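I have placed the structure first, in the form of structure tokens, so that the comments after it can refer back to it.
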Amino acid sequence: MGWDSFLDKVEVVVNWGNRIYGRVETFAEPAVKVVAPHVDTFAQEMDPIMNRPVDWVLFLYFSSHIPITIFFDLQPLYPNWIIPTFFQQLHGSYMALLNDPFMDKDIPVKWWFKSFSLCEAFLQLPFFFFATYGVFKDKSWVRLPLAVYCAHVMTTVVPCLAEIAFNKTFGLEDFQRNILLMLYSPYFFIPLIGLVDSYFRITNKLRANDAVLIEKKNE
């Protein structure tokens, strides 16, 4: 599939998305009217996190990861009857464009990847809610579990990146391979940022505690 064919498919998906957006906008209008009065309050609460760039990135990462995980990443684990038509169509359009080998329901199960998906469903997804709140409010108790999560998820993404980059049996076109690498790589690099940031925060906290203990002993 060449670039012209790829761009044609992108145009079809974009047009379809615009139609769906119009329907969603009409459906959501009553809810928007209810939520609108609270927007100013939310904006005021957002000010502190805007001054913490790393936490802002992590907040966006975790809050966006919740719907992505529920409605897209975990689709291979769901029976077809439970998946709304909209998300089945979205999955089909994604596969038609990029032929993602990990999201293809028609090929034999990769048990190592399925084990990662189960970890995402039962370990990572609950943590996303916990982390979104903790990072947003700058809670100190979120830093250690955040470091554990980041180390865990980085080790699950590396095999996926390696398979996409070097496994030629998937039959990926070069542009598909490159786009998939661009889509998957943020799920390595953002946790890497979170891991390094959490390490320094935890280390500084421990050093401060040690200094207090030493001072008390010397009194």
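Note that Cβ sites are derived from N, Cα and C of the backbone, with glycine treated the same way.
Away from its own ends, the transmembrane segment (54-72) comes close to residues 87, 90-91, 94, 120-121, 124-125, 128-129, 131-132, 135-136, 138, 146, 190, 193-194, 197 of its chain (Cβ-Cβ under 8 Å, at least six residues beyond either end). The annotation transmembrane segment is assigned in TrEMBL to 54-72 (among others).
The domain 'EXPERA' feature in TrEMBL is assigned to 54-195.
Cβ atoms under 8 Å from those of the transmembrane segment (111-134) belong to residues 58-59, 62-63, 65-66, 69-70, 73-74, 76-77, 102, 141-142, 145-146, 149, 152-153, 156, 159-160 of the same chain, restricted to positions at least 6 beyond its ends. Under the heading transmembrane segment, TrEMBL lists 111-134 (among others).
Beyond the ends of the transmembrane segment (146-166), by six or more residues, the same chain brings 58, 101-102, 112-113, 116, 119-120, 123-124, 127, 131, 134-135, 172, 177, 180-181, 184-185, 187-188, 191-192, 194-195, 198-199, 202 to within a C-beta distance below 8 angstroms of the stretch. TrEMBL lists 146-166 (among others) with the feature transmembrane segment.
Annotation source TrEMBL lists transmembrane segment at 178-200 (among others).
For the domain 'EXPERA' (54-195), the model's average pLDDT works out to 94.
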